[in-house]
């Protein structure tokens, strides 16, 4: 996909995203009730070599669409975060993050609560890829209890505003539930925007690429980009590395450049990556240097299992209904049950 052809994509989103957030006050009060039993949510959380109920320095990894936690991170941030001194933990909402994003979020919220308690009430970082970033921001927006438990958010290729490239799948009625929700202008992304979720809630770094073949628009290095959050540290790879630098959706997670930015974010005293920690000399699109040869091979093929899962996974012909707590923020949008009302 050529960069020039993507430039016009930004115009599509311009009518969907205002220059400033529409609502600045986040939802407050008690968390919404989970739709899933706690035992089911607990079963979706795993820590490397530790129990979530007793874990030292955890980092929560939230995977992308079409994958489990290990499929997203075995070849990259599970070993890399271990090298940085963390105990990696991850969620794997079934099936392969293809279900309702709101349900996927419940797995993350439950995991944060468990890991916070299991580490002695210590805040923890959350690191995400693709839909995982949307899940994290949805959770921080609508589940107030976790805001004080999350130390920082490092999001690789998040689609906070969805992607215009999901539209053709929706039109053919061959989209998974979460793909419907990740379409630009969906009820879910509208609710996130209107609830104040396009502004960082915890210290946040977003790393993304103009040449992403899955999430667009990402070309403007501005609030029009799907991965951009107000007040966040927004790092478009091409803004640092130049317009000819190419990393795809997977490379936004696995590349050496992504590792340097992510490492800075995790080490920073502010919770955001520091511009002084990365530059043109770090602009290597290949998998991170500190990975083994086997991990580098797996990282380079990261999208293959995701694509296979999406093709074989559940399909439906409409966007899942919003949970009651989110409906007031997307009045007038259409979901499976019809037009959203408060």
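Backbone N, Cα and C define each Cβ position, glycine as well.
Some features that Swiss-Prot has for this protein:
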- 130: active site (ACT_SITE)
- 212: active site (ACT_SITE)
- 249: active site (ACT_SITE)
- 47-89: disulfide bond (DISULFID)
- 241-283: disulfide bond (DISULFID)
- 318-336: disulfide bond (DISULFID)
- 99: N-linked glycosylation site (CARBOHYD)
- 1-18: signal peptide (SIGNAL)
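Taking Cα separation as the measure, residue 318 (disulfide bond) is nearest to 130 of the active-site residues 130, 212, 249. Sequence-distant neighbours of residue 212 (active site): residues of the same chain at least 6 apart with a C-beta under 8 Å from its C-beta are 157, 218, 248, 249, 252. Less than 8 angstroms from the CB of residue 336 (disulfide bond) sit 316, 318, 319, 320, 321, each of them six or more residues away in the same chain. A gap of 21 Å separates the Cα atoms of residue 130 (active site) and residue 283 (disulfide bond). Of the listed disulfide-bonded residues 47, 89, 241, 283, 318, the Cβ environment within 10 Å is emptiest of other Cβ atoms at 318.
Residue pair residue 47 (disulfide bond) / residue 99 (N-linked glycosylation site) shows a Cα separation of 22 Å. Between the C-alpha atoms of residue 283 (disulfide bond) and residue 89 (disulfide bond), the distance comes to 28 Å. Residue 241 (disulfide bond) falls within a helical segment according to DSSP. For the pair residue 241 (disulfide bond) and residue 99 (N-linked glycosylation site), the C-alpha distance works out to 36 angstrom. Comparing residue 89 (disulfide bond) with the residue listed as 'N-linked glycosylation site', their Cα atoms are 21 Å apart once rounded. Under the three-state DSSP scheme, residue 89 (disulfide bond) falls in the strand class.
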